[in-house]
Amino acid sequence: MNTARLNQGTPLLLNAVSKHYAENIVLNQLDLHIPAGQFVAVVGRSGGGKSTLLHLLAGLETPTAGDVLAGTTPLAEIQDDTRMMFQDARLLPWKSVIDNVGLGLKGQWRDAARRALAAVGLENRAGEWPAALSGGQKQRVALARALIHRPGLLLLDEPLGALDALTRLEMQDLIVSLWQQHGFTVLLVTHDVSEAVAMADRVLLIEEGKISLDLTVDIPRPRRLGSVRLAELEAEVLQRVMRRGHSEQLIRRHG
């Protein structure tokens, strides 16, 4: 990992965090510590609590119980240090690419926006409209929009899910490269276990609102696609997910 990082990531500490929607318990007294600058991927079946966890960290929702901290400080108090990317790039079609990157900023921000676009390989598209961009290019703009704020925490909610296979691999490499350069903490939610293992330091499996697997990805970078160790770790996570699904089917069948 590159030690010459530009900024320090946000350390995260969740203590007995729960989130309820009426009688539905989505997160159930979840405990989690993520050191500053770590890249963590969260996987699991739909409805297990992955996106809810991300929304709590982004300040889009509040926990029913428990504490969400950045070190010893409530994360909500430093929310400006957090940026989030979604599957939809959410660009404003009536604003140019560079204006989308600088959205909400005041003062002399255009040079910083150009640097952010250069970092994602789009320095020559600054004056164009979002409609002229491919899906992968739109996500690069969304990434540049996050970078310009020099975040301590980058939250990724399935940002690559709608991309074709080659573009997806290119974006994976770009995100990892920028993470290594800048040192922010990353939390990636994905349904793609191979993506999680390829990108992250650590993979969490959330089931029924709790962390049921916390797996360290002990593979040096850069990682070689198709390596035996990557395949072994991917299989370990998938077997755990499938075992839980098989158990639920047996319960329904014999209950």
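The backbone N, Cα and C atoms fix where each Cβ goes, and this holds for glycine too.
Here is what Swiss-Prot says about this protein:
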type	residues	note
BINDING	G44, R45, S46, G47, G48, G49, K50, S51	ATP binding site
DOMAIN	12-233	domain 'ABC transporter'
Q: Mind looking up the mean pLDDT for the domain 'ABC transporter' (12-233) in the predicted model?
A: 94
(Q) By a 10 A CB contact count over all chains shown, which of the binding-site residues listed here is most packed: S46, S51? (A) S51
(Q) What's the number of neighbouring CB atoms sitting within 10 A of the CB on R45 (ATP binding site)? (A) 16
Q: Other than G44, R45, S46, G47, G48, G49, K50, S51, which residues of the same chain sit close to ATP? List them in sequence order, counting a residue when its Cβ is within 8 Å of the Cβ centroid of the site.
A: T52, I206
Q | Close in space, distant in sequence - G44 (ATP binding site), Cβ under 8 Å, 6 or more apart | A | K50, L205, I206, E207, V241
Q.
Which one is it: of the binding-site residues G47, G48, G49, which Cβ has the fewest other Cβ atoms within 10 Å in this structure?
A. G47
Q) Other than its own, how many Cβ atoms are within 10 Å of the Cβ belonging to K50 (ATP binding site)? A) 26
